[in-house]
Amino acid sequence: MPSNPAKLRVIWLQGITCNGNTHSFLNDPSLGTLLDSIELLHHPLLPCAKTLKELVKKLPKSDILIFEGAYSPSFERAGMAMESLLMTLALKTKHIISMGSCASFGGIFKENDPEHISGIVFDKENDSGPLRDMRKKVITLSGCPAHPKWLSFVIEMIKANKPILVDEYRRPRELYAYLVHNGCLRNEYFEWKVDSDHFGTKEGCLFYAQGCQGPFTHGSCNKILWNEVSSKTRSGTPCVGCTEPTFPKRDLFTTKTYMSIPSEMPLGIPKRSYLALAGAAKSFHIKRLEERLIDDHT
Amino acid sequence: MITHELIERIEGEAVLDFQTDKSGVVQDAAIRFLHFRGMEAILEGRNALDALVIAPRVCGICGHSHLIAAARMIENAYIDAGFSLTISPKAHAIREITLSCELIQNHIKWLYLVMLHESGKLLAEEPPVALKALYVTSQINQLCALFSGQWPHSSYAIPGGVTCDPTHIEVMQALKILSEVERFVEDEVLGCHAEVFRNHIRDDSLLSLGGDFGKLLRNFERLRLLDTGKSHGRFLVLGESGGSITNSVQSTADIALVSEDCSHTFAEGGVTYAKNALYNGEFYEGGPLARALVSKRDGISTLYQRHGDTALTRITARIEEMVTLIAHVRSLVSSLDLSQPSFIPPSSIESISGEGIGIVEAPRGSLIHRARIERGKIVEYSIITPTQWNLGNGTASNLGIAQKAMIGAESIAKASLIFRTFDVCSVCTTH
């Protein structure tokens, strides 16, 4: 059967990776509809037109190049160094999607060789990656991993020929203008400064002691839920800030405090304003919020 | 003749160096893994709890196993440091539920994305559509996420329990998803009820099964591969049940006899990043077949007695484990006592100086995380992944598990398919 020329030709290429974004992508419940509308020239796991060996032999043109994993110039796929493999495929494509935090900023694997490992456009916060001059055709989907629906959203937008509004790291603003904090079920505890005594309860905010980075991490995790049903904070796990160039920070399960106030403020909130509001909120001791949400399970 | 074969579609890539005779029969095979990320070094110097975030990133398909291994490692360090630590039966059960979900989705992806695809390709048949299977794996991962918040890369298991505090809403949703998964497995994978499948194992009549699993076995029969792939017949299970090996007789395994051999690695002038994992100086096979034999599950044990550690037995063991785990998850979810605590706070991590070891039966076999912790900080971290057991490189007199299984194959293509019956994971192997 001849392939439909209208279908977007997509190459999924991996750098230094754990395959987490690949498996995250496979979780998209409407994967079939998406795959029907594109032609996969290469993918590491899904049936596709070319094996890696064939891809490297004749680096084809494409409409979208999805890059997963961190970049290192000497890292090889099928015997070809990324320096030429990524660069050639990037020059021959119309759009590039930086899939996940490794591809976007260097991520976790950068830690082992900070000098040589980076993202494709950004190296942490600096735009010194190998594709910096092509940044205009790059869309960043940071996250460890990135959500499958973030990716299908970007592909659909490209297909519909609609412009995607991006932030300073070229992340779609419609996805990353939100904070992970937005939509968190524990928001009321945050408002009234009720902290969580410890893990494993429905009550209390994880920002004060457990290290939650939700109030200053960009991401729609609590708007577009994970696996359709949950998120880190909804399962009582603090946000680890995985969409930001600073990921991974250290001491991820503890809130750094200064005079018992979290040292990192919710995004854009001056410390003075925070303190004024927090002091007032804390003084009220709202009984409902200090009790268990559901008395018992019987 | 020596041929270098790039093996793809295995969670990364491997290179197999085959030595073949004039008729193409495989005389020798070496397995090379060329990518390395330095996960252990990344973990060292960090707060021990950070391992709950970093360790899952060893692997995109079995990261949850790495999470549980890291959590158990830290818990073990608490005990080693003389502190007490309690995990409620509920938290135990929830961890087992989510871990089992990871194994189930792994086995389904292996069946559809790897085995049916590659065996079909060798028979010059159109690759099967795997979408129906991927929908079901997305459902199983959803079941996992009801408790773990997300899959992949959750950090919800922490020393002292789990972070979630589920309600009956999650429990009922989980049971509903399980029904869907059970229906898929019976209608599509097995082509019959789970009990009928077990009868077919006992009667040695699996080839008559109608589902996609039966199709895979028939592909293997057409390729004359069903009775190939025999290895040493030595099996090792270190996690869950406490550790057992079975050779011709079963005995208790001692973790002190586990060692890593770097002699083939680049660091020692070799050709791969992968270290061999050895038990008492020898290669042992881990994974679903080992687990079925060690726990003496009657169907697989009977099949093994008849056919040995052939491709037939190894493939069936993985499918049978999936069926067993689905029933196990159902019973765990159904009997969750939500009134128990999810988390019992232990002493602060900063008070812990000690050594910890955490072992998990991951999709491909025994996974070991070991670390030395000083005042809550990781001083030393060491990971042994399941594929290091199965895919090691030995010498002519002491061949690795998959190596031995491939030697004698009629062609390189057939040897590569036998290699895949072990469910290869490149990213884990070299972490």
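Positions of Cβ are set from backbone N, Cα and C atoms, glycine also.
Copied over from TrEMBL, here are the features:
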{"type": "BINDING", "residues": "B:E40, B:C62, B:I383, B:H431", "note": "Mg(2+) binding site"}
{"type": "BINDING", "residues": "B:C59, B:C425", "note": "Ni(2+) binding site"}
{"type": "BINDING", "residues": "B:C428", "note": "Fe cation binding site"}
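Sequence features annotated in TrEMBL and their locations in the structure.
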{"residue": "B:E40", "record": "Mg(2+) binding site", "DSSP (3 states)": "helix"}
{"residue": "B:C59", "record": "Ni(2+) binding site", "DSSP (3 states)": "coil"}
{"residue": "B:I383", "record": "Mg(2+) binding site", "DSSP (3 states)": "strand"}
{"residue": "B:C425", "record": "Ni(2+) binding site", "DSSP (3 states)": "coil"}
{"residue": "B:H431", "record": "Mg(2+) binding site", "DSSP (3 states)": "coil"}
Out of these binding-site residues, B:C59, B:C62, B:I383, B:C425, B:C428, which one has the fewest other C-beta atoms within 10 Å of its own C-beta? B:I383
Nearest to B:C59 (Ni(2+) binding site) by Cα distance: which of the binding-site residues B:E40, B:I383, B:C428, B:H431 is it? B:C428
Out of B:C59, B:I383, B:C425, which binding-site residues come under 8 Å of chain A, measuring Cβ to Cβ? B:C59
Starting from the Cβ of B:H431 (Mg(2+) binding site), draw a 10 Å sphere and report how many other Cβ atoms land inside it. 25
When you measure from the Cβ of B:E40 (Mg(2+) binding site), how many other Cβ atoms are you left with inside 10 Å? 19
